[in-house]
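K.L.:
Residues or ranges marked as pyridoxal 5'-phosphate binding site in Swiss-Prot (evidence: experimental evidence): Tyr59, Ser60, Arg61, Gly89, Met90, Ser208, Ala209, Thr210. Residues or ranges marked as substrate binding site in Swiss-Prot: Tyr114, Arg375. Swiss-Prot lists Lys211 with the feature N6-(pyridoxal phosphate)lysine, giving experimental evidence as the kind of evidence.
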Amino acid sequence: MHGSNKLPGFATRAIHHGYDPQDHGGALVPPVYQTATFTFPTVEYGAACFAGEQAGHFYSRISNPTLNLLEARMASLEGGEAGLALASGMGAITSTLWTLLRPGDEVLLGNTLYGCTFAFLHHGIGEFGVKLRHVDMADLQALEAAMTPATRVIYFESPANPNMHMADIAGVAKIARKHGATVVVDNTYCTPYLQRPLELGADLVVHSATKYLSGHGDITAGIVVGSQALVDRIRLQGLKDMTGAVLSPHDAALLMRGIKTLNLRMDRHCANAQVLAEFLARQPQVELIHYPGLASFPQYTLARQQMSQPGGMIAFELKGGIGAGRRFMNALQLFSRAVSLGDAESLAQHPASMTHSSYTPEERAHYGISEGLVRLSVGLEDIDDLLADVQQALKASA
C-alpha cells in the first residue's frame, strides 16, 4: 500500500484492503454489484470462465465483485490465502463440512458446540455415514488417543459457546498434521482482531459474521478463510452444489462497513466485559463465572497465549439453578433477552432454553452447560449502566 512492502496494520487493512477508488470512478465506498448474472463478450470467453481458464464472473452464487472484495479483506485479516462469503454462519459451517467429509469418514469435535452446529452434526451429516466423536481439545493426550485412520476433520470452537472452554489450537494443529487431518476452527467469539487460528496452525477458520464482524445485528452472514485450494473446493462444491448459501451483495457491503470499525468495537467490548466479569466474580448470588480475563479462569494461561484480549462474552452460573436463571433473565432492563451476540446492544440468553435446546438435558450436563447458566454478550453501552442493570437483576434472582 502506498509504495511500501510493509504489511499495513489491522485497522488500515480492515478499511482499505483490496480496494482502489480510482478503479471505480473515484467512489470512496466500494460499489454494490446487485446482479445475479454477468454477460460475456464472446462465447469463447464464457467457455474459458466456466473452465476456470479465465478469471471472470458468470453467476453470483459462485462469485460477485462485491463479495470478492469482502473475501479478500477477511483473508488478509485472518492471515489466509483466500476467503469465501456465505449467507450465514451455518452456511459457512455446513458448506465446509459437506465438502470435507464423506461416508465412513470421522470428525473429532470439541465437547461444546453452538446448538445449531451440534444439531447439524448429530441430526444431519451424522446420519449420512459420517462418524462423530467429542473430545476435550485442551487435552492433547486424549486427542492423540482419539485419532484413527478415518479421522478427516477436527472441528471446534475456541472459546466455545456458551461455556467459554478453550482449545489448545497450536497443539491440536500439530497432532492433526501428523495424522493428515484438517483442522477447522470457529473463530466467531474472537474475530481475527483477538485471535488468528491460521497463524497457530489451523487449516480453515469459519465465522458467523452476523456477530462481531458485522457488529450491528442487521444482517446474517458467514465467512470461511484458509488456503486457496481448500477455499476453492468449498466454493465449487459445498456452496455451489450443496448448500447454495450465497450472501447477497447488499449484505456484503453492510458487512464490510461493520468490519471497518471492528478493532474499535472489540476494544470496547473487551473493556466492558472485563469490568463486568470482575463485578460478577464478587457477587454472592454467582456460583461460578467463566471469563478468560479472570485469573480464576481454569485456562487463563492458554487464553493469554493465543488471544490478545479476553473478548466480550461472559458465562456464569447462578446459585439456585434454572429458577434463579429465569428470574435473573426476566428482571433485566438494559440487557436484551435475545439470541446471537456481538452487537452494539448488550444481550443475555439462557442456553438451556435457547441456543442449546437441541441438546438433551443429559447432553448439556455432560458438556458443562448447566440448567442455570446465563450467557452475556457485553455491548458498547456505558459500563456503569450495565453494572446497575446486572446488579438489580441479581437481587431479583435470589
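Heads up, the Cβ atoms here are built off N, Cα and C, so glycines get one too.
Here the structure is a predicted model, which means the values were calculated and not measured.
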K.L.:
Using Cα coordinates, what distance in whole Å links Arg61 (pyridoxal 5'-phosphate binding site) and Tyr114 (substrate binding site)?
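P.N.:
Cα to Cα, Arg61 (pyridoxal 5'-phosphate binding site) and Tyr114 (substrate binding site) are separated by 26 Å.
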K.L.:
When you look at Tyr59, Ser60, Arg61, Gly89, Met90, Ser208, Ala209, Thr210, which the record names as binding pyridoxal 5'-phosphate, what is the longest CA to CA distance in angstrom?
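P.N.:
Max span of the pyridoxal 5'-phosphate binding residues, Cα based, is 24 Å.
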K.L.:
How would DSSP class Ser60 (pyridoxal 5'-phosphate binding site) in three states?
P.N.:
coil
K.L.:
Which residues does Tyr59 (pyridoxal 5'-phosphate binding site) neighbour through Cβ under 8 Å, counting only same-chain ones at least six apart?
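P.N.:
In sequence order, Ala36, Thr37, Phe38 meet the Cβ cut-off.
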K.L.:
Count the other Cβ atoms sitting within 10 Å of the Cβ of Thr210 (pyridoxal 5'-phosphate binding site), across every protein chain shown.
P.N.:
26
K.L.:
Which of the three DSSP states, helix, strand or coil, fits Gly89 (pyridoxal 5'-phosphate binding site)?
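P.N.:
The three-state answer is helix.
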K.L.:
Show which residues of the chain containing Met90 (pyridoxal 5'-phosphate binding site), separated from it by at least 6 in sequence, have their CB under 8 Å from its CB.
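P.N.:
In sequence order, Cys116, Thr117, Phe120, Ser208, Gly222, Ala245 meet the Cβ cut-off.
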K.L.:
If one measures from the C-alpha of the residue listed as 'N6-(pyridoxal phosphate)lysine' to the C-alpha of Gly89 (pyridoxal 5'-phosphate binding site), what distance in angstrom results, rounded to a whole number?
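P.N.:
With the alpha carbons as reference points, the distance is 9 Å.
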K.L.:
Of these binding-site residues, Arg61, Arg375, which scores lowest on Cβ atoms within 10 Å?
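P.N.:
Selected from the binding-site residues Arg61, Arg375 on minimum Cβ neighbours within 10 Å: Arg61.
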